[in-house]
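Single-structure report; data block below.
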């Protein structure tokens, strides 16, 4: 028969002599032409050679070779888009690592609230690393045969990418649950719940990924696990993410209702209340910001609205980590005050060290002799005067 073949645009599966194979047009053609549901065919001849695709790509996929928006233009577009989201993820990683260092360096920030923030930061860092890893493994080599690309490395890269997305949404859920816990358990220490939060935030995504990997191995072990031929398998990941978004939406409504009630009745004043209000503002902004788009696209096939998905999930999504670091760390009045205080302390210490070094040099006998010898070399009159003073004193 005919071996599996990659013609540069489409992967053709293995076929027997005389078999006619039918495959859909490449997805990027659909974005160019807005024509969906077209198919190509090839025949496996008796000489074990593949025939030319029929109808040709230009006819079957509705692509006009004279069109200004050709594959090269599309490639250039995706290349520019890659630069944008790479810059976004780089900015997010830099800001998130800086925020982690700030929270870890100052003991004042060692509390349950910031521990949860730090785990959320780590999940966003992992997401950025996963995107870079996936791009490096799957798309770095343009000459690779995508029909034969089914290595452990590429499957692991895709699995790691899916895990990072799951961890993102679960830690955003933990932020919402923690906010709800502060409302319900005002007089109970929140430290006893830290390990439960950590176990849920990392354990749940790990369990989901374990199920997904086993299902892929036994039910759909094709390619690099980045296809979506079987929608049921993909829902193993989509389902838990949608559940976290829906739970967060319920928390969102309940927290707003409770917060308005508390502010109207003017209960629970003081610093704890101000901390809660600041945390509520940040978390309530993140819940709809990072959850709505997933609900919108979740019930449509992966090929639907591909360009919009790219803009939202990669373009805007690449800057989500930066937004999180900005809301929870850099725009926090406590953090700004502590950093200013530490900066003033460093400046004061540096000034004291400078004074100490200066006074030490001025009071040193060696320094006095050195200065005297320099004066003697520069000014002969000064030398005579010093000598006369010495004679007079004797």
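Cβ atoms here come from the backbone N, Cα and C positions, even for glycine.
Automated prediction, rather than curation, is the source of TrEMBL annotations.
The annotation domain 'G-protein coupled receptors family 2 profile 1' is assigned in TrEMBL to 1-65.
Annotated domain 'G-protein coupled receptors family 2 profile 2' per TrEMBL: 81-332, in sequence order. The domain 'G-protein coupled receptors family 2 profile 2' (81-332) scores a mean pLDDT of 80 in the predicted structure.
Taken from TrEMBL, the feature transmembrane segment covers 82-106 (among others).
Under the heading transmembrane segment, TrEMBL lists 118-140 (among others).
The transmembrane segment annotation in TrEMBL covers 160-186 (among others).
Residues or ranges marked as transmembrane segment in TrEMBL: 193-213 (among others). Same-chain residues lying 6+ beyond the ends of the transmembrane segment (193-213) with a Cβ under 8 Å from its Cβ atoms: 112, 115-116, 119, 123, 159, 162-163, 166-167, 170-171, 174, 177-178, 181, 233, 236-237, 240.
The transmembrane segment annotation in TrEMBL covers 233-256 (among others).
TrEMBL lists 276-299 (among others) with the feature transmembrane segment.
Positions annotated as transmembrane segment by TrEMBL: 311-331 (among others).
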